[in-house]
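Pulled from TrEMBL, these are the features on record:
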- 78-91, 291-303: NAD(+) binding site (BINDING)
- ARG98, ARG108, ARG136, ASP227: substrate binding site (BINDING)
- ASP227, ASP251, ASP255: Mg(2+) binding site (BINDING)
- 6-362: domain 'Isopropylmalate dehydrogenase-like' (DOMAIN)
- TYR143: site 'Important for catalysis' (SITE)
- LYS194: site 'Important for catalysis' (SITE)
Amino acid sequence: MAANKKLLVLPGDGIGPEVMHEVRRVIDWMDRRRALSFEIEEGLVGGGAIDAVGSPCPDETVEKAKAADAVLFGSVGGPKWDSLPFEQRPELGILRLRKDLGLFANLRPALVMDPLVEASSLKPDIVRGVDIMVVRETVGGIYFGEPRGVETLPDGKRRGFDTDVYHEDEIARVARVAFDLARKRRGKVTSVEKANVMQSGRLWRAVVGEVQKAEYPDVALENMYADNCAMQLCSRPKQFDVILGNNLFGDVLSDLAAALTGSLGMLPSATLGAVDPATGKRHALYEPIHGSAPDIAGKGIANPCAQMLSFAMLLRWSFGLEEDAALLETAIEKVLAGGLRTADIMQPGMARVGTSVMGEAVLRELDKLAA
Ligand code: IPM
Ligand code: MG
């Protein structure tokens, strides 16, 4: 039997617990059928944690996350907590975990699965075969830069400000993640910024270029302004392999890339820290990109695929279990090819199902594939 793998599961708010439930069944299946032994802990995060202990990211959760080999995260937030002060937002749950665990590289694949080509709002010809990996910096830039705040001026008017700041080492380390990925993919990185208007963007472009020249001459680098990238993503998405961006541009462009695929309900992500040279390990957190979707929470209709695919990324990235990751991905694709759809990806002629039926169908496909 394989060595224990310590997982921290943080279901969070909204549809998080519902879709996580389906992943727990996949984990049980893997325990049974593949003899992967997981040691699972659960923790509090987001609005639920605010209600229970008064903080969106309790110290205990951070400690558990640091002790785990990997964190599987659901989603946080909802209308119930929308009016809390800025310092108490449920979103701080994920932001603090990223920061405290040093999770600087967020990998967001936007893959158009063949059975879902028609689910995109773009023409099938434009999106068929799209396979993009957005690499987003997640512990720096305008999300954390100081000074920030809203101040009241002597005339009584308010002034709000944030700071977009990057040290060259922060740029270089996330650029290396993008170049390494491109090497295993189609060998191209598109680095986005606004070097035409932002000083930090100017440095971003310079440093990414230096890293490429010195360490990755075999990878093609293209620099693109972030606004142009948004336009190109909608018109010619197939030109992209890896897109590299800072925290803010990466946030926006990864949603856009995700939308090309037809459903946020299908997309996973991984956020990785640096490899510890002593142990060879790295902190890592895996989460679907759809968020807590409060409008459909509690109805049993959420799509569990993104959370399951996040678990597949966890198997691949944290444990090197490529075969098991691919097995789960194939099972999901087969279920879709068989015509089952949750509401978010429903198309004419397909069979509409809820969260648990979708989950069961994936388990059945896993049984068949493993037989
Ligand atoms: C994301 C989300 C978060 C972000 C929010 C929930 C803080 O939009 O993961 O993309 O902006 O990073
Ligand atoms: Mg976002």
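From the backbone N, Cα and C atoms, a Cβ is placed for every residue, glycine too.
All TrEMBL annotations are machine predictions without curation.
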Distance in Å spanning the most remote Cα pair of ARG98, ARG108, ARG136, ASP227, given for substrate | 26
Can you list the residues of the same chain, besides ASP227, ASP251, ASP255, whose Cβ falls within 8 Å of the Mg(2+) site's Cβ centroid?
-> ALA226, ALA230, LEU248, PHE249, GLY250, VAL252, LEU253, SER254, LEU256
For ARG108 (substrate binding site): DSSP state (helix, strand, coil) | strand
Using CB under 6 Å from any atom of ligand 1, narrow the binding-site residues GLY78, ARG98, ARG136, ASP251, ALA293, ILE301 to the ones that qualify.
-> ASP251
Can you tell me the mean pLDDT for the domain 'Isopropylmalate dehydrogenase-like' (6-362)?
-> 96
Provide the number of Cβ atoms within 10 Å of the Cβ of ARG98 (substrate binding site), excluding the reference atom itself.
-> 21
Of PHE86, ASP227, ASP251, listed as binding-site residues, which ones have a Cβ less than 6 Å away from ligand 2?
-> ASP251
Where does ARG98 (substrate binding site) sit by DSSP, helix, strand or coil?
-> helix
Please compare the recorded positions ARG108, ARG136, LYS194 by how many other CB atoms fall within 10 Å of each one's CB, and tell me which has the fewest.
-> LYS194
If we count other C-beta atoms within 10 Å, could you say which of the binding-site residues GLY78, PRO90 has the fewest?
-> GLY78
